[in-house]
Ligand code: F6P
């Protein structure tokens, strides 16, 4: 293999730049040529492809977002779109591809591999919902952004003695909600992976009130319902002054944490090593601090779950 490509796709996540840097530098270290594909699969279809040099990735390790830009591409879900992408790869003489993104991006990588084009997935999403890795690139940064926001909300919640419902991202995944809730001592955490009982949530808030608790924090993952809906239900049931904050896309930005930069550097470099070893259709990950890789089909077939022990613990600590 002489020439590889790299793209970022789907929702961006802090640390994607560090991963691109690792792919480019590791490839050049091994005397490969690297091409950056802008705007994810859309850019691949359109031939938005440029050669990258060592300096192309200078001064980006600490920056959020992705220097290669990103997109969600409907056309690449079709056979025609995939064939157009492969034609472009051939035109540029690219023999292997690293795709940095979440589960949607992995489906594109899976298709490319099925069509015989060696592709490696690097997990980049704030949702932490890719099977085959304990952590995805960007999760730790987003978690710390959420924690920072909740700490601030807690100050005003205390001053005004209010109940706050905070909606965090996670269309199908509750990791951000669970980890930030545990880190911030939230009274209730609602995640899409576990059933919740509104009566129980109200009961918990009431017991707190009876003990003299003057404010409460409830964290809702967007995949489990809207913060506003939970806010209304609590207000109605308890006649409590309630405020709702939807943290939104603020969670996707910002300078990556040290953890995410190191994770991105390790996973990006590993993806290049795997291409050089002739691997295709695999996803890299980290499990118990060891770099691992799994068949992308197997990873995608698994359903993401939260750590149920941690969920139980959060309930035990917020009695
Ligand atoms: O996949 C990551 C994610 O941040 C989800 O948590 C969220 O639902 C979604 O992206 C939002 O995507 P968009 O940027 O298209 O609004």
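Quick reminder: no glycine exception, Cβ is built from N, Cα and C everywhere.
Curation does not apply to TrEMBL; its annotations are automatic.
Taking a C-beta cut-off of under 8 angstroms and a sequence separation of 6 or more, residue 127 (active site, proton acceptor) has the following same-chain neighbours: 11, 102, 136, 139, 169, 170, 171, 172, 173, 175, 176. If you look up TrEMBL, you'll see 127 marked as active site, proton acceptor.
As annotated by TrEMBL, ATP binding site applies to 11, 72, 73, 102, 103, 104, 105. Classification of residue 11 (ATP binding site) by DSSP places it in coil, neither helical nor stranded.
Counting Cβ atoms from all protein chains shown, residue 187 (ADP binding site) has 22 others lying within 10 Å of its own Cβ. The ADP binding site annotation in TrEMBL covers 21, 22, 23, 24, 25, 154, 185, 186, 187, 211, 213, 214, 215.
Marked as Mg(2+) binding site by TrEMBL: 103. Within the same chain, residues at least six positions away from residue 103 (ATP binding site) with a Cβ under 8 Å of its Cβ are 10, 125, 129, 130, 300.
In the three-state DSSP scheme, residue 252 (substrate binding site) falls into the helix class. For residue 252 (substrate binding site), other Cβ atoms within 10 Å of its Cβ number 20. The substrate binding site annotation in TrEMBL covers 125, 126, 127, 162, 169, 170, 171, 222, 243, 249, 250, 251, 252.
The feature domain 'Phosphofructokinase' is assigned by TrEMBL to 3-275.
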Entries of 102, 127, 171, 185 (recorded positions) sitting next to ligand 1, with Cβ under 6 Å as the cut-off: 102, 127, 171
Which of 11, 185, the listed binding-site residues, has fewest other Cβ atoms within 10 Å: 185
Binding-site residues compared (21, 72, 213, 243) - highest count of Cβ atoms within 10 Å: 21
Lowest local Cβ density (other Cβ within 10 Å) among binding-site residues: 169, 250: 250
Residues within 8 Å of the 11, 72, 73, 102, 103, 104, 105 Cβ centre (excluding the ATP site residues themselves): 9, 10, 40, 101, 106, 107, 108, 125
